[in-house]
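Sequence annotations record features per position, and here TrEMBL assigns domain 'Isopropylmalate dehydrogenase-like' to 5-361. The NAD(+) binding site annotation in TrEMBL covers 77-90, 290-302. Annotation comment: TrEMBL describes 97, 107, 135, 226 as substrate binding site. If you look up TrEMBL, you'll see 142, 193 marked as site 'Important for catalysis'. Marked as Mg(2+) binding site by TrEMBL: 226, 250, 254.
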Ligand code: NAD
Ligand code: IPM
Ligand code: MN
């Protein structure tokens, strides 16, 4: 039986609550003989700061580097609002992305048929939706230098963030988007703001060139990022794959989340470049949502984004596509049977907690395996 080494970073807020549910799912797959999962857990975010004054320790960085896949919960919360900027909880996540070279962030937004009425948009707008946002994750304004607040001679302060992209960074994320489009609807929409940003001009040129030279079988459309946000709530089904920079991808994927019913539904995969010798990619799997301080500790968070992220790990890092299909099907069936956490429940409908949703998915896996 294949054996995999998973590094778990539950993090803060609802992170640990949803990670527990993934643990029971991976135990189930292990008991079924699908694979052996060696798991180790570390600290990230506020919990790491509380333990050793850093958003992630060097030791945990090493374990993340060595793992077949990292499973990440969420970080952040009001408790750490005033810690120094460099060690704030989010810095742990950004360091993992940068140091592991996780430049490609896949954020699929699928509206399960049973949830078409849970979206804040009309049923016909979201029913059957299946789009994929491919977000560049290690460049742009998140990492560009300078990044600082300086005090001017007149005592005023000036804050600088730098949006920066190179040809190579745009080429490689474009290829990820085009390759994935080939396995789906064969359409890519590239979102940027070439009308006001030099990085948008270069982004547009590079994506156009890659599309023309290497992917003439994939339809390419360019859309200004603000218009893209509007189109996503007007008629999202016009899209198949959307490729965009780090910041636009962050915002557009939260918009896409609400098309599916809740931010608690959206999984993601962050992938590095394939290793030249082994072909293996470094990878981290995390829900799109954050630590949800408003509901943390109440046992009511939706674990589906986290569980769906584990399904992506099975598919993209562990070569267990059948197990991934089975887990996705179990989630769909549980939703179809009417089980709902509070965030996706209709007004007046009974909602279950995090644990009950996790248990319902394990039970459904059991039924599917019979
Ligand atoms: P958030 O995503 O944590 O929450 C936004 C809203 O969505 C809240 O009302 C929350 O209750 C709800 N929500 C989120 N996930 C849910 C789930 N699984 N089930 C049910 N409801 C859910 O965003 P925020 O409140 O803006 O940020 C809180 C903290 O999380 C901040 O410190 C932020 O930096 C951090 N954050 C971390 C990540 C991450 O770790 N990947 C992502 C986004 C935000
Ligand atoms: C996300 C989050 C992160 C981001 C934060 C927590 C650094 O919002 O993964 O979407 O901005 O990328
Ligand atoms: Mn975000």
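The backbone N, Cα and C atoms fix where each Cβ goes, and this holds for glycine too.
Same-chain residues that are not part of 226, 250, 254 yet have a Cβ within 8 Å of the Cβ center of the Mg(2+) site turn out to be 225, 229, 247, 248, 249, 251, 252, 253, 255. Most buried of the binding-site residues 81, 226, 250, 254, judged by other Cβ atoms within 10 Å, is 250. Across the domain 'Isopropylmalate dehydrogenase-like' (5-361), the prediction's mean pLDDT works out to 97.
Within the set of recorded positions 97, 142, 250, the entry lying nearest in space to residue 85 (NAD(+) binding site) is 142 (CA atoms). Within the set of binding-site residues 81, 107, 135, 250, 292, 250 have a CB atom less than 6 Å from some atom of ligand 3. Among the recorded positions 77, 193, 250, the ones whose Cβ sits under 6 Å from an atom of ligand 2 are, in sequence order, 250.
Proximity of the recorded positions 142, 193, 292 to ligand 1, judged by a Cβ distance under 6 angstroms to any of its atoms, singles out 292 in sequence order. For residue 296 (NAD(+) binding site), the nearest of the recorded positions by C-alpha distance turns out to be 250; the candidates were 135, 142, 193, 250. Restricting the recorded positions 97, 107, 142, 226 to those with a CA within 10 Å of the CA of residue 193 (site 'Important for catalysis') leaves 226, listed by sequence position. In this structure, the C-alpha atom of residue 142 (site 'Important for catalysis') lies 19 angstrom from that of residue 226 (substrate binding site). Here the CA atom of residue 97 (substrate binding site) lies 14 Å from the CA atom of residue 89 (NAD(+) binding site). Neighbour density for residue 85 (NAD(+) binding site): within 10 A of its CB lie 9 other CB atoms from the protein chains shown. For the binding-site residues 77, 89, the ranking by surrounding Cβ atoms (within 10 Å, all protein chains) places 89 first.
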